[in-house]
Amino acid sequence: MNLVRPLSRAPSSIASSCQARSLAQTLLSCLAGGRLRRLLPAAHARAVVSEGLGDLFLANLLLRGYSKLGLLHDARHLFDGMLHRNLVSWSSAISMYAQHGGDEQALVLFAAFRESFDEVPNEFLLASVLRACTQSRVHFGEQVHGTALKLGLDVNIYVGTALINLYAKVACMDAAMRAFHALPAKNPVTWTAVITGYSQIGQCGLALDLFQKMGVQGVRPDRFVLASAVSACSALAFLKGGRQIHGYAYRSAAGMDASVVNALIDLYCKCSRPLVARKLFDRTENLNLVSWTTMIAGYMQNSLHAEAMDMFWQMCQAGSHPDVFACTSILTSCGSLEAIWQGRQIHAHAIKANLETDNYIKNALIDMYAKCGHLTVARAVFDALAHDDAVSYNAMIEGYSRQGDLTEALHIFHRMRYCSIRPNLLTFVSLLGVSSFQSAVELSKQIHGLIIRSGTSADLYIGSALIDAYSKCSLVDDAKAVFLLMHNRDMAIWNAMIFGHAQNEQGEEAVKLFSQLRASGVTPNDFTFVALVTVASNLASMFHGQQFHAQIIKAGADSNPHVSNALIDMYAKCGFIKEGWLLFESTCGKDVVCWNSMISTYAQHGHAEEALRVFQLMREAGVESNYVTFVGVLAACAHAGLVDEGLHHFNLMKTKYGIEPGTEHYASVVNLLGRSGKLHSAKEFIERIPIKPAAAVWRSLLSACRLFGNVEIGRYAAEMALLVDPSDSGPYVLLSNIYASKGLWADVQKLRLGMDYTGTMKEPGYSWIEVMKEVHTFIARGTEHPQAESIYAVLDELTSLLKDFGYLPDTSELPLLGDNG
């Protein structure tokens with residue numbers, strides 16, 4: 001019997017196979033360990049030399065290794081050179097591109113797979129293809145979804161999760177939830193996909209509901225789920241929920257993960273807890289660039305701009321290179337602090353890092369330079385970098401608006417429309433700001449027309465800007481019409497209307513509106529109380545002022561510096577200076593405005609020594625004086641006749657404090673010299689002023705001339721004041737009183753004829769008194785009051801009694817215009 005011996009394999013083939021298996025074992029250990037980058041090229045070279053690449057298992061391991069290292073070019077070269085490929089080969093190559101951002105290449109490879117390979121795709125391959133489907137490839141993803149349904153792989157955990165991610169990416173959460181519910185089993189990655197999806201489309205409440213259901217079903221959240229849930233809490237400013245998640249993360253290993261820590265830092269910053277965020281930041285060891293950027297942005301969002309600057313420089317010193325988001329945040333802080341030197345440094349860094357052309361950076365640069373008052377540089381950046389971007393145009397318009405440059409703001413707006421860039425809410429709000437600042441009534445109405453055409457007139461942000469614009473243009477009825485059209489009014493709308501009434505001396509209307517606000521269930525805020533206290537100040541109504549003060553204390557708003565400053569001013573204007581001082585003393589953290597209010601209060605009421613004492617206390621407290629401070633100080637010196645001390649403070653303004661004197665300061669010095677009888681010195685001082693003297697400066701000299709009866713200088717001062725402002729009735733009245741005091745009645749008559757010729761009218765004097773909680777307003781020689789006839793009868797009787805006792809009226813200061821008094 002002949003035995004047929006089996007064919008033996010060639011020795012070289014056996015050796016090659018053995019070597020391939022040996023290399024495969026080595027690669028497997030490398031993939032599991034940390035030596036892959038060092039050993040992979042050597043293993044590949046040995047496989048080529050030993051002809052081991054014919055072994056499909058080894059070739060796939062090499063392909064997987066290159067993919068893990070992100071060496072896409074080497075992996076593709078290996079894949080293209082493979083004589084044989086199986087499902088694992090195709091799946092590895094497609095997965096590699098999907099994981100490393102090569103979405104288009106992944107889809108091209110999948111198309112090649114369908115054309116050249118007979119086997120059906122498995123769950124890993126389909127999941128990779130679905131991950132590669134970007135927003136523009138959703139239809140292709142839907143086709144892949146159809147393939148998964150045919151193969152029954154739509155219920156596979158990998159494919160199902162990839163489908164959820166795809167649909168969530170394009171905000172198709174209904175489709176995402178259908179895929180979610182179709183899965184028989186769900187892992188943390190699946191839950192993360194739906195939770196993140198709802199968070200990204202702003203439905204954070206649903207995201208947190210799913211997070212809660214996940215816990216009920218016993219699925220242990222991983223770091224990605226926790227980070228997504230914390231982000232949802234941040235968006236909702238849901239501090240309590242965020243703290244609960246923080247507690248869970250702290251008890252688990254996930255509490256130390258950078259993504260969770262960063263999400264928590266963001267949560268505390270967005271919930272106005274920057275100190276808590278900083279403590280968490282300082283306790284974290286594995287800080288990354290996102291950690292630094294989040295903390296810097298958090299400080300910026302909470303208006304802690306100095307702290308944001310310090311954090312930025314610490315980040316640079318720690319070796320982290322600021323990215324687009326860090327630079328954008330710090331440029332915002334530079335603009336808010338008007339820190340132009342630091343802003344220029346960030347600009348230089350952006351250029352070096354090739355970030356200057358990024359949309360966020362260029363807009364932040366324009367905004368920073370504009371806020372720092374460097375509009376020429378801002379315009380240069382705008383002209384060089386702005387390309388069809390509404391944000392850039394808005395930043396530039398806002399910059400000009402802030403400087404009150406209506407012409408340039410409108411020029412940029414016209415250019416914006418010429419380039420077919422659609423204005424948005426911020427554009428209109430900026431334009432309304434500058435138009436209201438300059439009381440440009442017609443422009444405000446035109447902008448309102450454009451707002452109506454754009455379909456944004458119902459927006460609350462726009463509504464408050466329109467109310468403010470019309471109020472500043474004294475069109476309160478138009479402002480009220482806008483207010484009544486706004487439904488679901490927020491606090492900003494109510495505040496704008498209350499301020500509008502306050503600005504236009506409609507105090508009673510403001511108080512009535514406040515009553516409506518309370519009846520509507522809306523809770524007033526600090527700005528509301530500032531407006532109401534201002535109303536009480538304008539009315540000199542202590543009754544209303546004390547009521548508002550009580551409500552402020554009840555609401556806990558008395559610690560706000562703006563509110564306390566308004567209260568101090570209110571008590572002073574109502575004549576309750578002692579109460580104002582007690583409130584001032586009890587105020588914690590007094591800012592410069594608070595000190596200025598107290599100095600001005602004492603100065604206006606003739607308490608010069610107290611005003612100067614407060615100024616000394618302010619200096620001892622280390623609070624830096626400003627422009628307004630010296631207006632009060634110089635006024636106090638003028639009232640007390642402290643010429644040398646007043647001139648000393650005036651000279652220190654520029655030399656020591658770097659404050660450029662303005663019209664108010666020059667007028668105070670003239671008043672200081674004039675009240676002391678130094679009329680010639682006052683006149684010479686005005687002639688040495690480096691700027692064109694305003695009418696108010698000449699009126700100060702004219703008032704001093706009336707006091708001392710100096711006709712010659714008085715006539716000159718009146719002529720100069722009228723040259724500056726011919727429509728001002730003040731110089732006529734003051735000069736008339738000088739003539740009357742000297743018995744120059746012919747000159748008085750000439751002045752009256754001159755006023756008639758120029759059409760100048762003297763504004764009538766107003767006075768008011770609060771009786772039985774009601775404010776009564778009187779106009780000089782007016783008969784508007786309902787009890788005017790009775791009041792004048794009593795006055796006539798009193799005048800008669802005075803004459804009977806020998807009283808002689810002082811006729812040295814007769815009214816220039818009879819009926820207007």
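Just so it is clear, glycine is given a Cβ too, placed from its N, Cα and C backbone atoms.
What TrEMBL records for 55-89, 187-221, 288-322, 389-423, 490-524, 591-625 is repeat 'PPR'.
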Composition by DSSP (helix, strand, coil) of residues within the repeat 'PPR' (288-322): 26 helix, 0 strand, 9 coil
Summary of DSSP states over the repeat 'PPR' (187-221), given as helix, strand and coil counts: 26 helix, 0 strand, 9 coil
Contact set, same chain, for the repeat 'PPR' (591-625): CB under 8 Å, 6 or more residues outside the stretch: 561-562, 564-565, 568-569, 572, 575, 577, 580-581, 584, 631-633, 635-637, 639-640, 642, 645, 657, 659
Confidence summary (mean pLDDT) of the repeat 'PPR' (389-423): 85
Helix, strand and coil residues within the repeat 'PPR' (490-524) as assigned by DSSP: 26 helix, 0 strand, 9 coil
